[in-house]
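Colleague: Sharing a structure, written as structure tokens. Questions coming.
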Amino acid sequence: MATAREIPLNRTRNIGIMAHIDAGKTTTTERVLYYTGVSHKMGEVHEGSAVMDWMEQEQERGITITSAATTCYWLGMDQQYPKHRINIIDTPGHVDFTIEVERSLRVLDGAVAVFCSVGGVEPQSETVWRQANRYHVPRLGFVNKMDRAGANFLRVVNQVKDRLNANPIPIQLPIGAEEDFKGVIDLIREKAIYWNEADRGRTYELADIPEDMKAEVQKWREKMIEAAAESSEELMDKYLEAGDLSPEQIRQGLRQRTLANEIVPILCGSAFKNKGVQALLDAVIDYLPSPTDVPAIRGEEDDGSEGSRSASDDEPFAALAFKIASDPFVGTLTFFRVYSGILKSGDSVYNPIKGKKERIGRLLQMHSNSREEIKEVRAGDIAAAVGLKTVTTGDTICNQQNIITLEKMDFPEPVISVAIEPKTKADQEKMGVALGKLAQEDPSFRVHTDEESAQTIIEGMGELHLEIIVDRMRREFNVEANVGKPRVAYRETIRRSVEQQGKYIRQTGGRGQYGDVWLRIEPREPGAGFEFENAIVGGVVPREYIPAVEKGVREQMENGIRAGYPVVDVKVTIFEGSYHDVDSSEMAFKIAGSMAFKEGASKADPVLLEPIMKVEVVTPEEYMGDVVGDLNRRRGMIQGMDESPAGKIVDVEVPLAEMFGYATDLRSLSQGRATYTMEFLKYAEAPSNIAEAIIKQQS
């Protein structure tokens, strides 16, 4: 057996820190690294030197884009725990990067949601929260920026309840707020905590609860104890008997309910002012799961049956790659989470999705932007491997004798595209290489060449997403490029069913060509995708030609019906046809299939679909009229309005085509005070006047 593990599994935490853009996530992560002794100099986002944000653009934009994985160690505020390992996966908070968030949530066991005490629960927080619900990730809440004007802890707690439908349980209360924010009350210990400003909060003092807060503390402490008692009959009986629970029992009850996703313990502080992050680290250990607290990961065994791998060094090795990054020093880094078994550098692993074997070269554990070379990595841990060639995001790597494919990640389809061309001949070749690497890192980004115009087209999740790609080409690969106007990814579909024959015959001396099919083409529900059914009876079309027919249909679908955009959400059934003993071939049936689809679809009430975005605008009341008027002009459908401390919230569905340049227009409408977020919602039929204009433009 291998050497024993340095830190037992139950003392490992894999967590993410998720937040809205300005909630202070990067500063919070920074402080975590500082107190756990990783970074000696605290990085500040607004000076652009944060340790986690290691890509240059993030420093310029002050937003976090790439999820870097960082390992640190914590012994507790009072050194009260044995050594724990905390792996932090940094998740971006910007809506164009939800894919990065999905990816990191997939490999986390628990998360800390950071909220701004002033802005509260913002639209973006809701998106990320829903994603975390989907993966059943237990969470803690940290209400940050308690020192800011307008800070209000309990208002944020209520928003977590109302807007996120969660069950927040404060385990701390703030002492003062805004510039009078002094420290926090620990409701479990019933003590006030004041961090020492002289040593940047590394030490603290405990004091009695201020007189004027005792009643409030009593009220919230009771709520917390009731929440803990509800975790088991045993604790409930103790609570009913004694009217109180010991600190150990409270923590035990809260832990159980947090792991079951029944409650969200809420803490508060100001990361920037070095208050509260230390206690947050204790809470990560007290309430968030270790790899042994979460269910075994499921997957598909080599024979197609369902299998699973539990977090143990003794099980066969299995891991999931969740992030590919190009590193200027070592080349391609593949970040992966080990679910079971042990991997040593030099081992060979198998990638079942690509059907390829790879050898693991160096293994690295990342500390934000420094790296430590390690000899082995074990169940429950997160590390990066250097130089894997075939592995892409979402792939499994496993032991070749015990093959398993862990659940695949689903990535959204891009909704926006731009044409891009190199500025000089010298950039031409480099551009291809750069785009290939970036597409390998980011599955929500696609590259293809437009056959007609021979232009290179890049597609992504939003304007910002593509801007950053172009930016990275310039910085990391020294490729200068000219970027065209953004274009919308329209789709086409049909509204009624038709039956259509496609017959291809060529008789020109020697062997001819013969293919004859009848297809039934029917519309499907929006989002249902494409389905092909073979309903041939009695072999009128031999089975070996059926895949060729489907191929012909699929190729024709890519070419569109009226406007040249891909066709979606249709079912095609081949139900009749004929063949010729000598002249029939796959080629002939492929052409027949494509002819039948082309002809049939054009008679089936074809319509153009456009991407509709879910947009949320937050605006001060005085600009409300202008903002709504502008959204109506953009064919927006207002879904609802709401109040928030930051102003009015307008929920609206708007076609993507009308949203280009919206950031600039909104700034000038509201003198820079309104903000918005936008994410893809659905495809919907474009109004006929719009559709006609687009078709005309295409022809």
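Yeah, the Cβs are placed from backbone N, Cα and C, and that goes for glycine too.
Taken from Swiss-Prot, the feature GTP binding site covers 19-26, 90-94, 144-147. For 10-292, the entry in Swiss-Prot reads domain 'tr-type G'. Per Swiss-Prot, region 'Disordered' is recorded for 292-312.
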Colleague: Take the Cβ of Thr91 (GTP binding site) and count every other Cβ within 10 Å, whichever protein chain it belongs to.
Modeller: 25
Colleague: Could you count the residues of the region 'Disordered' (292-312) that DSSP puts in helix, in strand and in coil?
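Modeller: Helix/strand/coil tally for the region 'Disordered' (292-312): 2 helix, 9 strand, 10 coil.
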Colleague: Quick one: mean pLDDT on the domain 'tr-type G' (10-292)?
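Modeller: Taking every residue of the domain 'tr-type G' (10-292) together, the mean pLDDT is 83.
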Colleague: When you measure from the Cβ of Met146 (GTP binding site), how many other Cβ atoms are you left with inside 10 Å?
Modeller: 30
